[in-house]
Structures are given as C-alpha cells and as structure tokens.
C-alpha cells in the first residue's frame, strides 16, 4: 500500500488540484485532499503531477531473435523510466508470433521478465510480409492484442481485405504499417530537399498515402477497425480525415519525432536520423500537428525501435531504420508543445493515456477511484539533457542527443508496484 502525498492531479477541466492518492491491492483506492493511514508506505509527491501511466501501442522489444538490440527486460525498464505502464510489442521478431505456440511462448517470457504490462501483437501473415494469413482465432485465444505486419505493408489488397474480415469477426483491430513497396524506390529518406542535397534515394509521400486510401475502403467494406501506424504525410492526414467523416472505423497514431522534426532538421548523412516513415517536409509536419489537434489523429505512439550501435552509426544507405523513444517521449513533447503553449497539459496527457485506451478498448489510462494503479509521477520543473548513456534501453539511437528538456517522469507505479523511482528501476 502506498499513499502519494501532496501531489497534484488534473481534473476533467484540465486544472491542477492538490490531492493525495491511496494505492491499495493494485488499485487506486482513494483520491482526496488529505489521506492519513497507519500502515503502508508514504511517497512524497510534493509539487509533482500524479497522472495515469502512459500507454504506447507501438513498441519494438526485439525479443525473441534480436536480443542484441533490445530485450523484454531492457525495453520494459526503458518504458518504466519513461512513465509507460502499458506497451504493445510489435511482431517483427524471430520467430514471428504467427502461431499459437510462438505467442504462448512469448506470453510466458513477458510474464517472467517484463517490468510493465506488455500486450503483444500477432502478425497478419505467416512469417510477416507474406500473403498467407495466420490463424486469427487461435492467436486471439493465445492473447494477441491485435494484428499487424508492422515493418512492411500488406501488399495485396485481397490479402488485406480477407484479414480485415477475419479480424472484424473477432472484434479485433488491424494495425497497419502503410507502405506500397512499388513506390519506395529503394529510398532511405523523404523524397525532398534533404535527399536532393545529399544525393540520396527518397521515399515519396504517396508510398504511404496510397496504401492508406486503399485500406480505408477495404475497412469500410469489411466493417473492421483499421488503425494507421506512425502517420507522416499531409495526404495521409487528408485521407484519414475524409474516412472519419464518412463514418469509417479508422484511427491513427503519430510519433513524437514526426511532430517535432522535419527533413530540414537533419544535419547530414547520419544513420541516427534514419527512420521509417522518414522525417517529411515542413508542410507534412504542419498537417500532422493540425490533424492531432482536430482529432483526425487520435493519439501519440513512440515507435520505439532500438538498434545496436553498429547498425546506426553508419551512413543512411547502410543504417537500419528506426530510433528509440520510450525514455524521451514525454519530456520532448512537454518541452516542445506544452511549455510553448501550443498544447495544454491535459491534451498531452490524454494523447498518451486515455485516447489510446479508448481506441483499443483498454481498461487503463485513467486516474480515478477504482482504476488500476498504473501511475506516473511527473516533475514538470525538472530540467535534464538527453544522454543515451543513461538509457535503460539497449538502443542508444536517437537524433535528440544533447537536447535539454523540461518535465520528466520521476516515478512509475505498475499495478500498484513502484517499478521506477528517481533514476532507479526497483
């Protein structure tokens, strides 16, 4: 049992109120002006924000098969440090969770080693990236969170349509990395001014937006919940906005780096700036910010994609796609958008908690009496510099190295257990 003393919580109007929070048996038992108990442990939250633990539906944990990049343990330690209490792990592992047996083995490993809640995706196709569909029903029974071939787009419309019909019958979501392989052209960055300046092959906007346009029509026909991963282009935002207006059940996420950076920020041919989707144009970034504010884009997800140093500290042509994000998500977004008065604190917290929970019908993301005690304590005055040497993640690959941010998680409770406190994993 814990009593979080002298903290602040956000009320429904987005105003800060001074409150104590009592955690008992893994639940939020009481939220009150003052709580006095004779047993349990007192946690000093003076001057700090007590918020729901963050939810990230797009995380690469790499295990099994990629343990040199990340493990379930190190990835969930990174999540705890970043204030995330629920993360959803992508299936581009070896082996791929494309069968009941592999999924059950993965669930057992998660139960054994994870510091926070991990909800694993199953792949849409066998081995991921093929045209043979998995056994959707068996994988749901084995505990799959949803279905995705993240890392590649499902290339054939017929394959995607059949997948959507099967997912809809089970009331499960299809989560899509949207990329038409015939439009990538071997690109490593956005097809724009940086690619032209550096003489690099570019990935055009239409590689993403064309597949989203196809898929929203398939989702409408199948009656499926279709979720767009890491949306990055103005055309994609337009397609999703129009689909929502038409009543199609489509949701979308955006990554912090696509909100903060664009291609003009890239300093040179450095693999640590290579990600998929790539950093787009200023106009694309503006469209993403507008789409998030008007509800076209539903929430924020990091697309935490750790790699070994030798896979990133090379030119873009040789580097792996992806950057880490779990340990920097909140500080970056708070510094760039809340401190600058572009967003309210409540908007940011909602996009990292209740919004993803609502989209995927998760019973998390709220701080209220009776809720699961997934809690992050945030010091909104704490100033620190992003230093990959301090990361719990094995991946140190971030373009934000050396950036000073204000507002950091200082403690994380997962189902009432203190898993991170003042720089230490418990």
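Glycine is treated like the rest: Cβ placed from N, Cα and C.
Worth saying up front: this structure is predicted, and the values here are computed from it rather than measured.
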Since Swiss-Prot lists 60, 61, 62, 92, 307, 321, 322 for substrate, which candidate among 25, 29, 276, 341 does it give for that site as well? 276
Among 190, 225, 227, 230, which is the one Swiss-Prot gives for the Zn(2+) 2 site where 150, 177 also bind? 230
Which residue of 303, 350, 374, 379 does Swiss-Prot report at the same Zn(2+) 1 site as 58, 60, 150? 303
Spatial neighbours of residue 150 (Zn(2+) 1 binding site) among the binding-site residues 92, 177, 276, 322 [C-alpha, 10 Å]: 92, 177
I need the CA-to-CA distance for residue 322 (substrate binding site) versus residue 303 (active site), whole Å please. 8
Same-chain shell around Zn(2+) 2 excluding 150, 177, 230, C-beta within 8 angstroms of the CB centroid, reads 58, 90, 148, 151, 175, 176, 178, 229, 276, 303
Measure from the Cα of residue 61 (substrate binding site) to the Cα of every one of the recorded positions 177, 230, 303, then give the nearest. 303
Sort the binding-site residues 58, 60, 177, 230 by C-alpha distance from residue 307 (substrate binding site) and give me just the closest. 60
